[in-house]
């Protein structure tokens, strides 16, 4: 587990260094994720400890959002001031995105399946 | 509080130990409640623990920065967790390869719509520029969204709040809405929920099935990448 955690941090570090060095427009951890994915594809498999640690971290993903979420208390005055555009943007934007994503993917997936020869 | 007890409180309240421990306890309590209520969407563990911790901070008169000083050890793990997304992405690489074209088209459309609708609706209803820009990356996972917000002139910590609210809202209404739309495929449900409401949605998607969870994690990872590319481009375009 310690080795796997070190590996995750190393890839994040490599991502951060690349982002800084090349002035990339993406956050460091995302570049780290892309690098790790590339390594896994090249290697052709996930080492068991890495798979265990990654799945462990990801199964508790929700708690990682809690400290940032509590920060809502800092912005209560601002949220009250602009509550209508904020609530509308969050609610309508989310409903719209959920709907469009599901419908587009379903339509495209059906078309793809229709084209494939059935066994 | 007076005397000895007061001293102990003053000492503990200033140390990371107390707030780190309370964050973990609040989350475990919230998870327990959520399980007792049979994972009712409104009993979302993030929503419950955030509400509980805000109450504790209010009652003890603790400023947020003091709390965050301790809780940042949890927050920090968002970085390695983002890197760890490479593992489920790899594990579903075969399916990803087979479905790549529908997934890529949906990803670009969904990602662009998530950011454009958030920014557009807020601006149309009179939000300040800062708030509208902070809303744009709200569907991306937190470390990515905060990074983008900083780059385009939003307020990263306000974006963090919007990310959490979007995640909770998507997790609460997602399954219900998708079933109303007649969506029966768990892979599609998961992809839509993960793209829209990142990690909090993914935790919800894992309750539907492992397949929904995997596709949700996949959509979260890909949407993080896509938002990181599209939103700075869009903001650049808006400025010219």
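Start at 1 and count along the chain as shown; that gives each residue its number.
Using N, Cα and C of the backbone, Cβ positions are placed for all residues, glycine too.
Note that this is a predicted model, so its numbers are computed, not measured.
When the ranges B:155-178, B:179-202 are checked against TrEMBL, the one recorded as transmembrane segment is B:155-178.
Nonlocal intrachain contacts for the transmembrane segment (B:99-122), taken as residues 6+ away from its ends with a CB within less than 8 angstroms of a stretch CB, comprise 131-133, 135-139, 191-192, 195-196, 219, 222-223, 226-227, 230-231, 234. Sequence-distant residue pairs (6 or more apart) of the transmembrane segment (B:6-30) and the transmembrane segment (B:155-178) include fewer than 3 whose Cβ atoms are under 8 Å, leaving the two stretches without contact. Listed stretches B:66-87, B:155-178, B:214-238 were compared with the transmembrane segment (B:42-60); the greatest number of C-beta pairs under 8 angstroms is found for B:155-178. Only residues 6 or more beyond the boundaries of the transmembrane segment (B:155-178), in the same chain, are considered here, and those with a CB under 8 A from a CB of the stretch are 41-42, 44, 46-47, 50, 130-131, 134-135, 137-142, 145-149, 188-189, 192-193, 196-201, 203-205, 208.
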